[in-house]
Amino acid sequence: MDKVIFHIDVNSAFLSWEAVYRLHIRGEKRDLREIPSAVAGDVKKRHGIILAKSIPAKKYGVRTGDTISDALKLCPNLIMVPPHYDLYEECSKALIEILKEFSPCVEQYSVDEAFCDMTGTVGLYGSALVAANLMKDRIYNELGFTVNIGISSNKILAKMASDFKKPNLVHTLFPEEIEKKMWKLPVEELFFVGSATKRKLHSLGIHTIGQLAKTDLDILRAHFKKHGEVIYSFANGIDSSIVQDQAPPNKGYGNSTTIAFDVDDGSTAKMVLLSLAEKVCSRLRGDSVMASVVAVSIVDIYFRRSSHQMLLISPTNITNEIHKAACQLFDELWDQTPIRQLGIHTSKIVEEDSEKQINLFDMNRYEKLSKLDAAVDRIRERYGEDSIIRAIFLNGPIYHMSGGISPEKRKPKYKEGIM
Amino acid sequence: MLHMPVDVIATFNVQGKIKPNYIRLEDENHLLHTYKIENIIFSKEEKYGGIPVILFCCNIVREDCAQLIHIKYYVKSHQWVLVKERF
């Protein structure tokens, strides 16, 4: 049977979702999608970049990732709204729920993208185009936002297809169509071709996907090694990966944070490391796993990155142990230049019930700390993350569990009205 | 023009169907009045932005006139709001 794969991509996700919320839940009059608008972070917290833009804003040249000041130079009357991650989670969940009604195999690719394996569903909803239009319209009528759907016989082509003209459209890109629809596109539009690859390809005289597809594979292998094989396959529409509805287990758990001010003393940095350790370890314990490798990364005020890692004697998910390792790594790594961003990343993940080699002297401390962490987790689960915090963070400038989505980004402070 | 949270008295039947019975609204002089919901013209389930809502279109009697109002019940937060008419 020929495979039929859909790729669903929400148009201007964060912006569209906020537009729907304001229109239908808050009862505001204007639709953000119809005016130049964007979702942007907080400049004062040094998160001031554009996260999503409306189609009118795109016409002014505003791009995702631009700083707010750059965006305002291009579009002075740009309306900006703060991020609303709790809403995005709900919208994403609702989207996946609808997709699961259409397909037995749905892979959530990101918060606003998913793949559906629609092979063999002709009897349920009709042919691919009919089903995709039904899906797209159902999503719009029920949830209020538009999506693009790409249809093909494999994931890479379906993903490229959904990126054609937007919004609210269904596109096909089957193998017989790639010459007509895909090969004329510039090479950087191909999935897995980033700015570095693009430059190298340009220097080889390869400017379109079609040229890449016809290039000798040996030449590509020589310049890009394995990556060359990958982009060659994709340019020719070859992709054998399957739609996986179960996410594979995580190979690493890490969190990092850009601090709102420059950190120039070790004790403040170690406080940030503690809050990162709290976050990372609660995630490790939440998934019942432990880590053996700990790495610390620093980005200084000159945007220079550096990192340092170590292997622990035995795997752990105890906050104090990971923090101790992180502090040791930090002391060995830091050159006293003021810091902008800190991160802790753990890897070499094992299941929690694997054997732990307990150091003879630490035996009691390990049990005590382990029970403490478990009790704190239970309190936070029941009464909220902020119901119990380590005393060092009281009245301090640093949030007690840094990393991931900070509380202010979860829900904006609307000036009036409900919710 | 925003949705306004209101106090509502509602009944739930054995099948989980919700029916708003009374609504309390504030008038121009900032006094609260409780109105009986005379009848429900229709109800509709909505899920904009993934947020489940039940919309009710009903009649209340206000100053000897039957007035049509739209109220929404937000299922997850259990709040009722009055949808204000847009002029």
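Cβ atoms are placed via backbone N, Cα and C, with glycine included.
What TrEMBL annotates here:
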DOMAIN    A:5-194  domain 'UmuC'
BINDING   A:Asp9, A:Asp112  Mg(2+) binding site
SITE      A:Phe14  site 'Substrate discrimination'
ACT_SITE  A:Glu113  active site
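Features as recorded by TrEMBL, highlighted on the structure.
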| residue | record | DSSP class |
| --- | --- | --- |
| A:Asp9 | Mg(2+) binding site | strand |
| A:Phe14 | site 'Substrate discrimination' | helix |
| A:Asp112 | Mg(2+) binding site | coil |
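Comparing A:Asp112 (Mg(2+) binding site) with A:Phe14 (site 'Substrate discrimination'), their Cα atoms are 9 Å apart once rounded.
Taking only the Cα positions, the spacing between A:Asp9 (Mg(2+) binding site) and A:Glu113 (active site) is 5 angstrom. Taking CA atoms as the reference points, A:Glu113 (active site) and A:Phe14 (site 'Substrate discrimination') are 12 Å apart. Confidence in the domain 'UmuC' (A:5-194), given as mean pLDDT, stands at 93.
Taking Cβ-Cβ distances under 8 Å and a sequence gap of 6 or more within the same chain, the neighbours of A:Phe14 (site 'Substrate discrimination') are A:Val39, A:Leu51, A:Ala52, A:Pro83, A:His84, A:Tyr88, A:Asp112.
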